[in-house]
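S.K.: Take a look at what TrEMBL says about it:
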BINDING   A:CYS74, A:CYS78, A:HIS165  Cu cation binding site
DISULFID  A:CYS74-A:CYS78  disulfide bond
DOMAIN    A:37-200  domain 'Thioredoxin'
Amino acid sequence: MQSFGKHFIKALLMLIPAVALVAGMEMYQKYQQEQAGGSMQLGSPFTLQTQDGPFTLASDGNELNVIYFGYTQCPDICPTSMSVMSAAFNQLPTDALQKVQGILISVDPERDTLEHLKTYAEYFHPQIKGMTDAPETIRALSARYGAFYQKAEVKGSAMGYTVDHTSVFYLTNREGQVLETVSHSASPDDLLAALKKRLL
Amino acid sequence: MKKTLLSLLLLVLSPLALAQDIQVMHPYARAVPPGQMNSAAFMMLKNAASEQVSLVKATSPAANVVELHNHIMDDGVMKMRQVEDIKVPAEGMAELKPGGFHVMLIGLKQNLNEGDQIQLKLHFSNGEMADLELPVKKVQMGMKHKH
């Protein structure tokens, strides 16, 4: 009987570090969440290159900016997203549209020339600017926005490589702080609703 | 003589009588900005056969290479992958549309402007082929008018 009590206490003592560990992890997680929701703001101002010279979000940006990370050789998802942006813009009243800047940031600077980026972006809407910069600059910037992309070799395909990427619209203010994100959709409704909420 | 005539008539009519199992509906190619290297073609494939039929190959004089591709959404990341075939279920349909299965046109030999026409040939697993004249259309999202 005495040995049972001893073992019981031993077991209890052994539990303490485990409980402490779990509690500590939970507290850390909560702390991290608070950081992400509060001071850890997604987005940032930036200066990137366009065919018409450098573009700085903080000074050249509009009251509301819609940023999309993509690339022009992207056969389907990016043109779909660009069409979505264009359709949403076209359904805004003129005065609201003037307060918005569409931004396509190429995550494939090795293949996308500034000239082609300009043609490509403006093809969808005159209010969209195409821009990019050195690969490491784009990589660092995308991380600040929570965007993700990676090259993927397509075996046996003439494409060479494609770029897997998140397909998200980032709505930012003039300072490049992300106010809202709109996930990929083949319909402009979600983006339009988000734009209207901010502008009308 | 009568028999010969009849068989001749049958021979002439047989391609018409043997209706194709696969019907291609609303095919179109995506209009792209000038200088763009790639585009895609979309359509609806309808299979009247009681067995699954697959689209196995496509060719077009408008592009250097034509491949069959699909998109998969993996944890929020869009991935495009080449596929061997696009299956059309028995007595069913397969939709090739933006964001999903598509016929990928790689290395365009011409600009694809809205209103243009391009040729596309489809090969199916049951030996059928379809010669198509595709209209080039700007993919407009959420527009009210339907074509």
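Heads up, residue numbers simply count up from 1 along the chain you see.
Glycine is no exception: its Cβ is also placed from the backbone N, Cα and C atoms.
Automated prediction, rather than curation, is the source of TrEMBL annotations.
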S.K.: Along the domain 'Thioredoxin' (A:37-200), what average pLDDT does this model show?
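M.R.: Here the mean pLDDT over the domain 'Thioredoxin' (A:37-200) amounts to 92.
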S.K.: Taking the Cβ of A:CYS78 (Cu cation binding site) as centre, how many other Cβ atoms lie within 10 Å?
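M.R.: A:CYS78 (Cu cation binding site) is surrounded by 25 other Cβ atoms within 10 Å.
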S.K.: How many other Cβ atoms are found within 10 Å of the Cβ atom of A:HIS165 (Cu cation binding site), counting all protein chains shown?
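M.R.: Here the count is 27.
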S.K.: Counting only residues 6+ apart in the same chain, whose Cβ is under 8 Å from the Cβ of A:CYS74 (Cu cation binding site)?
M.R.: A:ASP108, A:THR162, A:VAL163, A:HIS165
